Amino acid sequence: MQRGSSVDSSGSRFTPLVVVELASNTKEEAVAWLLSRIRDQQQNGGAELFVEQLGPGIDAQEKENPNIFLVGASWQRLLSGAEDVGLFKEYSDGSMRGFTRANKHNFKDFNGDGDDFLSMAECQYIIKHELETLRAKDETHVPGHSQAKLYPGKSIIRRLLSKGILVQIFPLHEKEELKKLSFSWYKKVKLSLQPLDDIRHYYGEGQALYFGFLEYFTFALVPMALIGVPYYLFDWEDYDKYVVFAVFNLIWCTVILELWKRFSASLAYRWGTLSRKKAFEEPRPGFHGVLGFNPVTGREEPVYPTAKRHLRIYLVSLPFVLLCLYLSLYVMMIYFHMEGWALTIHDEDPTFWTGILLFIPSIIYAVVIEIMNLIYRYAAEFLTEWENHRLESSYQNHLVLKVLVFNFFNCFASLFYIAFVMQDMVLLRQSLATLLITSQILNQFMEAFLPYWLQRRRNKKVIRKVQKQKTLEEKELPLEEQVRLEADMSTYLGTFDDYLELFLLFGYVSLFSCVYPLAAVLVVLNNITEVYSDAFKMCRVFKRPFSDPAANIGVWQLAFEAMSVIAVVTNCALIGMSPQVKAYFPDSETQLILWTVAIEHGLLAFKFILTFLIPDVPKHIQIKLSRLEFESLEALKKKKMLEAVELSKTFQ
């Protein structure tokens, strides 16, 4: 647990787990009201948690936000919360079951009072859940803030976030546990698997599944990399030699995604999230609308007409996305003009420097692509926010769709144009290599080195301030300074960008690696450095994120599967264009096209048949889940029978 402890106003000592920061100009009556709601008993509508104000920093003269609070809970309250959130833990028979306090001693790791039964990440997730389920009662607005209206039965925390009264809620790092994880994860270079169970224990299932997928994707690329190296080393320039590689791509991109579903199901079952029921979704903090009646909850809450949202999507967002795609196409044509200009200069006077010049347009274009992707991402977030989606899942789905469509077009349009319009395989190979290498270098810089440098500057300021007061006799910071340091750290925005990067790399490999066999080798090297850089930024650069009890990689599974379908079509077209295949149809190009389309349809049919043949969940896990369901039904029948017997005794 977190080093040090705090004392609640009731005199109870507790371990600080979560930090709640309110705006510095929050009215005193609003602060007092919120703290009383957090401390109040559950039967009175409170969260029944411990909360205490953070003490002043080392340098009291500096302007510091006084409204930072440490939140914790008693073990009994955490166990009660574990039952509320439907936490699955390992039972004494080895199966994963929903935790209940009634049979807590039947769970494998429950000893004594259960002090070490829950991980710190689980405790912090429970506290977050309890804070978010604090509901407004008869208050019409936040005390002292008449503009922040409250609606009976709606989440107080989400309302405070949307009105800017609540700045942030984040879980604290546990220094000793983080040191151990850092050492086993990225501080020593080793040829071994990542400590996925330790990552899950510290950061939660969502984060561990991402690193599990990154590791799986890297290993899945190894066969392709091993096949690709001989092609490159022996300089097999004849395009028809790559037909075999294209056929391998077709099978590879289908099989690895199906096997991943089985592997992720095994991980999710082991971590207790596979059969965990999804919690009822509350409206997003940014959602707004006129006061109306929700037929599901039976409460009054803000509602927004679906028709109005659809008008915003189809009349504003869709045209904007199409305009961005047109601009991407325009930039691509400028790139081809630059490519033609460089080629003309090289043909007139072929020297070493003009040879270097041939790569300059591709490098510039790769940088421009990354800049355009970044700008578009901000625009897509603004538009999706403006569309005013009620639920976070709906918001994420629309954002992912916008970003994927543009990124796919922006990154791959030029490669498709070179392959199927210009049919210049030498230029395709050069463009693919340049785009892949440049994007990897830029991503590593933007994701790891830049945030680390900015964070180091922030850390140095805090450490200098502490040393200036001569109070630091050991390397560890006092709790107050540690909390303020973490509060200033960058917020981890989730795995969206990480999955997006893997999606684009998967596209480069599955679509065109038959033309540039070293693509898989480059992606393997990138993924190895990605593991270390992502691990480093999670442990050193960002605030600790709350645990996300994910059962799979969500909408990204569909995105990768859609890419694999496009890969089948693309590789079939490349095979059909090869001189080796064209030799079989010397007189009729129409016949060649028809045969290519027929084979492509046959392969797609095979791909979908394979999807059904390979179960998503391994057989032994299906049996365990079915057995658990059967036992639950039997227990319910037994309970009803006992109730019926008790009832009959009452009437006798």
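Just so you know, glycine gets a Cβ as well, placed from its N, Cα and C.
According to TrEMBL, the domain 'Anoctamin transmembrane' annotation covers 199-627.
Tertiary neighbourhood of the transmembrane segment (208-233): same-chain residues 193-194, 196-197, 199-200, 241-242, 245, 248-249, 252, 256, 260, 263-264, 267-268, 271, 495, 498-499, 502, 506, 509, 513, 517-521, 523-524, 527-528, 530-531, 534-535, 550, 552-553, selected by CB-CB distance under 8 Å and a gap of 6+ residues from either end. For 208-233 (among others), the entry in TrEMBL reads transmembrane segment.
Sequence annotations record features per position, and here TrEMBL assigns transmembrane segment to 239-260 (among others).
The feature transmembrane segment is assigned by TrEMBL to 313-336 (among others).
Sequence-distant contacts of the transmembrane segment (356-378) (same chain, at least 6 residues past either end, Cβ-Cβ under 8 Å): 324, 327-328, 331-332, 335, 338-339, 341-343, 345-346, 403, 406-407, 410-411, 414, 430-431, 434-435, 438-439, 442-443. Per TrEMBL, the feature transmembrane segment maps to 356-378 (among others).
Residues or ranges marked as transmembrane segment in TrEMBL: 399-420 (among others).
The transmembrane segment annotation in TrEMBL covers 432-454 (among others).
As annotated by TrEMBL, transmembrane segment applies to 502-525 (among others). Beyond the ends of the transmembrane segment (502-525), by six or more residues, the same chain brings 213-214, 217-218, 221-222, 224-225, 227-229, 231-232, 239, 242-243, 245-246, 249, 252-253, 404, 407-408, 411-412, 415, 419, 425, 428-429, 432-433, 435-437, 439-440, 556, 559-560, 563-564, 566-567, 570-571, 574 to within a C-beta distance below 8 angstroms of the stretch.
Annotation comment: TrEMBL describes 592-614 (among others) as transmembrane segment.
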Within-chain partners of the transmembrane segment (313-336) [C-beta distance under 8 Å, separation at least 6 from its ends]: 361-362, 364-365, 368, 372, 376, 379, 383-384, 386-387, 398, 402, 405-406, 409-410, 413-414, 417
